[in-house]
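Before any comments, here is the structure.
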């Protein structure tokens, strides 16, 4: 079968990703170029409710907390992914998550009109909850619906749409466009319109074959395979038999606690968590949320920093589109390891540029920083960026996918919550350069080392093949250790 997906599956992957991951990317960057307008809104709301304004340092800390609460909601969403995914199914779960995102966007609009930062913070919690569900359910749906030959290409659509969302947000949220106090509500109106368009298309999509097979509905699973794969009934029967074979060992879906009790699912879940850690501590979280602030801290004006932020988003989108054609050529393991190692080196370079500006105050440092971060984003986009959204589902059996994906999503969202909450206060205390070094070098080193020794290849493999690959890798390392000891 071709590595390019069947036309119907491709369209469905675009629509589903547009409803979930696009809005995740949009929310990641939305508050970045428009930060000054949002801080003004925060001060106006505080003055209206409490009769006083906030000092600059406290306003920065309060705004960091408001930015970070998005991921507090996302943590709750990630932990409920298994329950929603199994009780409602993948398709009805997407109905629920997309509708919740729509409600959250409408709540944001209301909060801006009534000038209530408390209501706005609540809307961000709801947004985080719904987007976390959307990301996890999208990954499950596409993974279970795709032929293994083009599974990587289809799943990469999630990452592509995340980056497209960052590009759109970087442009529309600029102070010269909608990033002003009076126009902030339009940013959320755009979300409402796109979400309504996605929701009305969901009735035309089938449930995922994997979930239908798990529920024992063979006729519906066969019909779904024929629709999504564009194949004949005989081919659909072969695919359904493979799905049922993978389910045979344990047909009962595992809970978020049960995945830790079985050795194979525990190992796959831990590796998925490590990939999420490498993504979170790559530095991308603060680049998405505070790129304008980072570039201004290295000498750029607000306008130049905003334009630099748009350039970074465009580079990210182009890189991940290219990576969609690369991921199934080189495999998941080399992409993760090579890209994460290069990102580690680039993080050291970013620290060096920040330190150099603090020491010598050369204005060209900011422009060089834009170039280095662009290279950083390219390697992020072909490695941990998109892969973290679906690699966990490839390393565990059908009955454990929802729960394992919950843990990977939880890890990512928890790390983002902590990083976005503490980054600006730490910068205020020890400076931008040292803060970046402390947060995005040592944790990444540990994650890369762990993945080198524990991550199997999942390209074009079902769960049983991945499990055998993991066992063979462990045997090879054991034989290598024995050989080394004999030589000594």
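Glycine is no exception: its Cβ is also placed from the backbone N, Cα and C atoms.
TrEMBL labels come from automatic prediction, so no person has curated them.
Here TrEMBL flags 13-459 as domain 'Major facilitator superfamily (MFS) profile'.
Annotation comment: TrEMBL describes 9-29 (among others) as transmembrane segment.
Annotation source TrEMBL lists transmembrane segment at 61-82 (among others).
The transmembrane segment annotation in TrEMBL covers 94-115 (among others).
Here TrEMBL flags 121-142 (among others) as transmembrane segment.
As annotated by TrEMBL, transmembrane segment applies to 154-178 (among others). Same-chain residues lying 6 or more positions outside the transmembrane segment (154-178) and placing a CB less than 8 Å from one of its CB atoms are 5, 9-10, 13-14, 17-18, 20-34, 36-37, 135, 138-139, 142-143, 145-146, 184, 186-187, 190, 288, 302-303, 306, 309-310, 312-314, 316-317, 319-321, 323-324, 327, 381, 385-387, 389-390.
Marked as transmembrane segment by TrEMBL: 184-205 (among others).
For 270-290 (among others), the entry in TrEMBL reads transmembrane segment.
Among residues of the same chain six or more beyond the transmembrane segment (310-327), those with a C-beta under 8 A of the stretch's C-beta atoms are 29, 152-153, 156-157, 159-160, 162-164, 166-167, 169-171, 174, 287, 291, 335, 370, 373-374, 377-378, 380-382, 385-387. Taken from TrEMBL, the feature transmembrane segment applies to 310-327 (among others).
The annotation transmembrane segment is assigned in TrEMBL to 334-355 (among others).
Per TrEMBL, the feature transmembrane segment maps to 367-392 (among others).
Same-chain residues lying 6 or more positions outside the transmembrane segment (404-427) and placing a CB less than 8 Å from one of its CB atoms are 60-61, 63-65, 67-69, 71-72, 74-75, 77-82, 85, 128, 132, 135-136, 139-140, 256, 259, 265, 268-269, 272-273, 275-277, 279-281, 285-286, 289-290, 293, 297, 388, 391-393, 395-396, 435, 438-439. Positions annotated as transmembrane segment by TrEMBL: 404-427 (among others).
If you look up TrEMBL, you'll see 433-453 (among others) marked as transmembrane segment. Counting residues 6+ beyond its ends, the transmembrane segment (433-453) has Cβ neighbours under 8 Å at 271, 274-275, 277-278, 281-283, 286, 336-337, 340-341, 343-344, 347-348, 350-351, 354-355, 358, 419, 423, 426-427, 477 in the same chain.
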Counting a contact as 3 or more Cβ pairs under 8 Å, with residues at least 6 apart in sequence, do the transmembrane segment (270-290) and the transmembrane segment (334-355) touch? yes
